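One structure, as structure tokens, below. Some questions next.
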Amino acid sequence: MSQKVVLMFLLVAMAGTATVQGQGTRVGFYATTCRRAESIVRATVQSHFTSDSSIAPGLLRMHFHDCFVNGCDASILIDGANTEKTAGPNLLLRGYDVIADAKTQLEAECPGVVSCADILALAARDSVVLTKGLTWPVPTGRRDGRVSLASDTSNLPGFTDSVDVQKQKFAAFGLNAQDLVTLVGGHTIGTTACQFFRYRLYNFTTTGNGADPSINPSFVSQLQTLCPQNGDGSRRIALDTGSQNSFDSSFFANLRSGQGILESDQKLWTDATTRTFVQRFLGVRGLAGLTFGVEFGRSMVKMSNIGVKTGTTGEIRRVCSAIN
């Protein structure tokens, strides 16, 4: 059986189990109520991506940040003082205009039917596909939340978190260590700012070159050139050196080589409890291999069903940035 056939079989199997995993969501939820819902979202993301390819990682991260705070309910999109989008971890999120554009088109086609939470979930999947990743069936049927508080964002994973802390934060939502490594692999696309990792390059230790010893010494000088000690902290640097625009497993190869940009990312290699999963994505001999694209879809389905609101819970917002 060819690899392509195996992948398709796995994706179909995922579709078949989505309802069980989804607490009320299911693949094809809008098949009769808004038949073109998924195609409208896909075309909207494609249009914005054509103008600015960096929108793909922005949308993927927005969905992640939404789900980890009060579940996948589009609360990240609500405007106002002290809402989630005003919290520190969310200040640099991008893609709000894409979601708003898709919502406007969907309201014209099917008023009051498609939730903003579902648009986010679909847009995240479409962003991966546009960056050459595998697709997966997205269960839909979420409703939108009415509460959005910056104070609720403290459980978002942070760039200095230890592996134990990362595992605790993921486990709180039913996500295991494999899900953790897989979803962090989403850093295979996009960039981060110097301000979030520059501390690793200067005065991190009192010995050697002063850099974080988990960074490959030959890579330190490259990063120091890109992010001088007193330089522009907002300068953007690829999270997956050499492959920031392709959704692939090279991110894990960079971790093995000591070229993880964020401290929390590199720890997935230095910590033995997560290193095995990195190795399995890399096809290390003697370990059962994992196909990153397939596993990412599986973990995304699990994550996108965190705390979903269905049935009569929540609402369907007419405008994603404001509760009805």
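Don't overthink the numbers, they just go from 1 along the chain as shown.
Just so you know, glycine gets a Cβ as well, placed from its N, Cα and C.
OK, TrEMBL features for this one:
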- 1-22: signal peptide (SIGNAL)
- 24-324: domain 'Plant heme peroxidase family profile' (DOMAIN)
- Cys34-Cys110: disulfide bond (DISULFID)
- Arg61: site 'Transition state stabilizer' (SITE)
- His65: active site, proton acceptor (ACT_SITE)
- Asp66, Val69, Gly71, Asp73, Ser75, Glu84: Ca(2+) 1 binding site (BINDING)
- Cys67-Cys72: disulfide bond (DISULFID)
- Cys116-Cys320: disulfide bond (DISULFID)
- Pro157: substrate binding site (BINDING)
- His187: heme b binding site (BINDING)
- Thr188, Asp240, Asp248: Ca(2+) 2 binding site (BINDING)
- Cys194-Cys227: disulfide bond (DISULFID)
Only counting partners 6 or more residues apart, tell me which same-chain residues put their Cβ under 8 Å from the Cβ of Glu84 (Ca(2+) 1 binding site).
His65, Asp66, Val69, Ser75, Ile76, Ile78, Asn90, Ser148, Leu149, Ala150, Asp152, Thr153
May I ask which of the recorded positions Cys67, Gly71, Asp73, Asp240 is closest to the residue listed as 'substrate binding site' if we compare their C-alpha atoms?
Cys67
Taking the center of the Cβ atoms of Thr188, Asp240, Asp248 at the recorded Ca(2+) 2 site, which other residues in this chain have a Cβ no more than 8 Å from that point?
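Not counting the recorded site residues, we get Gly185, His187, Ile189, Ser243, Gln244, Ser246, Phe247, Ser249, Ser250, Phe251.
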Can you figure out which of Gly71, Asp73, Thr188, Asp240, Asp248 (the binding-site residues) comes closest in space to Arg61 (site 'Transition state stabilizer'), comparing Cα atoms?
Thr188
Within 10 Å of His187 (heme b binding site) by C-alpha distance: pick out those among the recorded positions Cys72, Asp73, Cys227, Asp240, Cys320, and say none if nothing qualifies.
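Those near His187 (heme b binding site) - Cα within 10 Å - are Asp240, in sequence order.
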Considering the binding-site residues Gly71, Pro157, which residue's Cβ sits among the greatest number of other Cβ atoms within 10 Å?
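Its Cβ has the most other Cβ atoms within 10 Å: Gly71.
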Name the residues of the same chain, 6+ apart in sequence, whose Cβ is under 8 Å from the Cβ of Cys67 (disulfide bond)?
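Cys67 (disulfide bond) has long-range Cβ partners Phe173, Met303, Ser304, Ile306, Gly307.
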Give me the sequence-ordered set of same-chain residues, not including Asp66, Val69, Gly71, Asp73, Ser75, Glu84, with a C-beta within 8 angstroms of the centroid of the Ca(2+) 1 site's C-beta atoms.
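Those within range, site residues removed, are His65, Cys67, Phe68, Asn70, Cys72, Ala74, Ile76, Gly145, Ser148, Asp152.
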Could you list the residues of the same chain, at least six apart in sequence, whose Cβ is under 8 A from the Cβ of Asp248 (Ca(2+) 2 binding site)?
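Expected: Lys132, Gly133, Thr188, Phe292.
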Test of understanding: give the count of other CB atoms lying within 10 angstroms of the CB of Asp66 (Ca(2+) 1 binding site).
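Taking all protein chains shown, Asp66 (Ca(2+) 1 binding site) has 29 Cβ neighbours within 10 Å.
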